[in-house]
Amino acid sequence: MMRLSVMLPYGAQFCLLDPAKMGENFPYIKQLPFKRPLTNDISRTLEEVLDDIKRIKQNYLDNRTRRLINVDPEIRGNEKFEFIVASNFPKGYDRRSIELLAQIANTGSVAGKYVILQHNQDLELPNGASMEWFESLKNIRSGDNHITAIPELETYMIGSEAICDETINTILDCVAKAKPKENKLEFTDVTDTNPENWWKGDTGHEIRVAVGGTGAKKDDLELWFGESNGRQICAHGMLGAMTGAGKSNLYHAFIMGLACRYSPDELQLYLIDGKQGVEFKCYPTLPHAKVVSLNTSPDLSRSVLGELVEEMIRRNEMFKREGFENLRDYRKETQKPLPRILLVVDEYQTLFEDDRDGLGSDLMEKLATQGRSAGIHMLVGSQRFGASGMQNQQSIFGNIHLRIGMQMSEADVTALQEFGPNGKRLLRACKEAGQVVINDSAANDDKNRAGRVTYLSDKLRLDLIKQLAEKWQHKQGLANLHHSILLDGSGQPNLSENPQLEQLFSTYSAQPSQQEWVEFANLPEHQQGLGEKEWYPVEKPANFWLGREMNIHGQANVVVRRRTNEHLLFVGESNEARSGMLSYWLGQLPINHAAGEYQLYLLERAIKGSPWHGIMSRAIDTCGLTDVHYRESVSEFASDLDHVKAEFERRKSMDEEQMLAQPTIYIVVNEAQRATELQQQAGRYGVKEHGELGAVISELLEQGAEYGIHIVMSFDNVRAVTKVFDRRDIDLFKHKVVLQMSEDDSFCVIKSRHAALLQQTTRVPVYALYANASQNYPVKFKPYCYRDVEDHEKELEQLNNYLQSWSH
């Protein structure tokens, strides 16, 4: 044993049996690096060894590779040669254990299992047992100095004298400290990384790529989706693996293998990192990645599924119109390019968290049952196969044909229903990172394949992504590298990254005409339009983006028109959010109106010297707003209000055509809680009444919007709002943007408790709700926030650059 430990310091495992003396003959067992755990039942331990022999033969050996020692070390990995040492045999061994030992001795050598018997010939075997059962037994006598009992592992006896305890301890300490040679199956062994050979695959029938090897080959362990040879179907997949099992590396190997084999015209990827994961943070520039979602909240995860369900419906409707049943037939007959879509979700249980309505389960069931015909497939993973809160589980799992298991706890393996007995046996043998069991036949227990996943280093992955991005840029003639839709659940969005804003300025070289605005507004959100069907030039609509909705394409925006009550109210304690939204709202005025088509009357009540003072004036100056009346004094603002009131009366006497030609007037009050002159005062009978300024504001709230006069006000709390307005006045704001607040305050402003649930778990990122009086449900979004002067100036400069492109 000492010599075997030194010869194979990290390649040998011992199963040390001593039933008579309960291990006394193996005093150094604790110092051996690798030993099989024993139970009180020797037969059960030996049955586990036999299971390993069956597994190794099934996974690694065939007619070309007949012995474990001939398997490529990169495939074999840390699969060890095992020595089953039976001390003081046959004392303490019953007939069954001797029978199992003989079976291991006769069949195990090809699988690297060797039996060593310390045979006491003075003892008789149990009744019915015979040494003839050991067909290939070799005798080693104490005087022999050359052992050939194990041909693959010849060793020489250097001396026959006993080894002292100190020497044994020194040897075993050195063995324990020795570092094993790493045997990794490299990504380059299974995937061609030469750019000249990329993108030659066709996804008309399936997507398929090698992620590792089983033993006989390095690249015969494959994952695939679609229809294989028109017969076998593999619609969706599921991965279960405990932390540290190599799940992330499998994702990377699979994604990059697909990206090298298929072009972005053939395959699109939607990648979701659940929980606080950032495993997919390297993929936004991968040309195949349509959507990359990091730190994904449950709402955001479900929204991605919702987008794919909509895409599935669009595709299936198109197939039906043109007389086809599925993607395969459509592509075969029309020869039109339409990529397959693969959704990869890590920690997929987030889909069902905080989901009282079961939306996540409904969406997943729709994709599971109907997605394949549209060429949409899912690979979802977690530490377990099942997920708490998942509904319709039988229907969903019935369409999960691909089952992937890696190292899992014994309890989880025992509880599995996704694998049969043979699959569970193979899963129990997954003891190290990278070992995997794959079943692509909906858990048919005869279709399990076990092997090792290829290792893809971070450096190679990043290099490949860069090369793939450059290849796609060159092929498409793009000015810049591809960037996917990036959804980051941990940070606030930037206005400059708004795809609808980018689409507007890239489509039109000058400020859009009325008809062009109609076209842009009517364009669906998934095509970077507003998705706004009610856009009538006669109402002088103006669009303002406030942030990003909790879905792929939605951008939180407010459209004000010349209709009743078209006013905007901001309420919430977060100065960063309110100041950011309002300043970017100001910066967008020139997008909607040419010079001379609008007037701005602004009362700035932010405290001088505070970080929030100067934000509005910076937006006005940087974005080149015209016809601006900027006030910090309420008395000066009162004079402006008198002027607006007179203009209001004048417009009331105009005919519709005249009034339509008048510029739109915006009255903006920032930090309105500090404009005490606007607050209601106790009247003659103790009833609160508006003062002079408040009365003008109230009147304009009620009737001004129809005449092109819109009011925008920002408060830091609801109590301040109620000092200025009564409930009737609050309802005159059709558009309300609210931040986290109490339930009572939420009901006061938007007549629901939703604003009290915005920051349930964390204060960052900041969330907001947009409530429109004509809609039944408020929209949750992440607002454009003010972070610091540098960031604010950068964003405003980018907005101004867009505006300048229209003026040239």
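Yeah, the Cβs are placed from backbone N, Cα and C, and that goes for glycine too.
Remember, predicted model here, so these are calculated numbers, not experimental data.
Listed in TrEMBL for this protein:
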- ALA241, MET242, THR243, GLY244, ALA245, GLY246, LYS247, SER248: ATP binding site (BINDING)
- 218-415: domain 'FtsK' (DOMAIN)
Apart from ALA241, MET242, THR243, GLY244, ALA245, GLY246, LYS247, SER248, which residues in this chain have a Cβ no more than 8 Å from the mean position of the Cβ atoms of those residues at the ATP site? GLN383, MET406, GLN407, ALA433
On the domain 'FtsK' (218-415), the mean of the pLDDT values is 92
If we count other C-beta atoms within 10 Å, could you say which of the binding-site residues THR243, SER248 has the fewest? THR243
Same-chain residues at least 6 apart in sequence with Cβ under 8 Å of the Cβ of MET242 (ATP binding site), in sequence order, are GLN383, MET406, GLN407, MET408, SER409, ASP412
Rank the binding-site residues GLY244, GLY246 by how many other Cβ atoms lie within 10 Å of each Cβ and give me the one with the fewest. GLY244
Near ALA245 (ATP binding site), how many other Cβ atoms are within 10 Å of its Cβ? 24
Same-chain residues at least 6 apart in sequence with Cβ under 8 Å of the Cβ of LYS247 (ATP binding site), in sequence order, are LEU239, ALA241, ASP346, GLY381, MET406
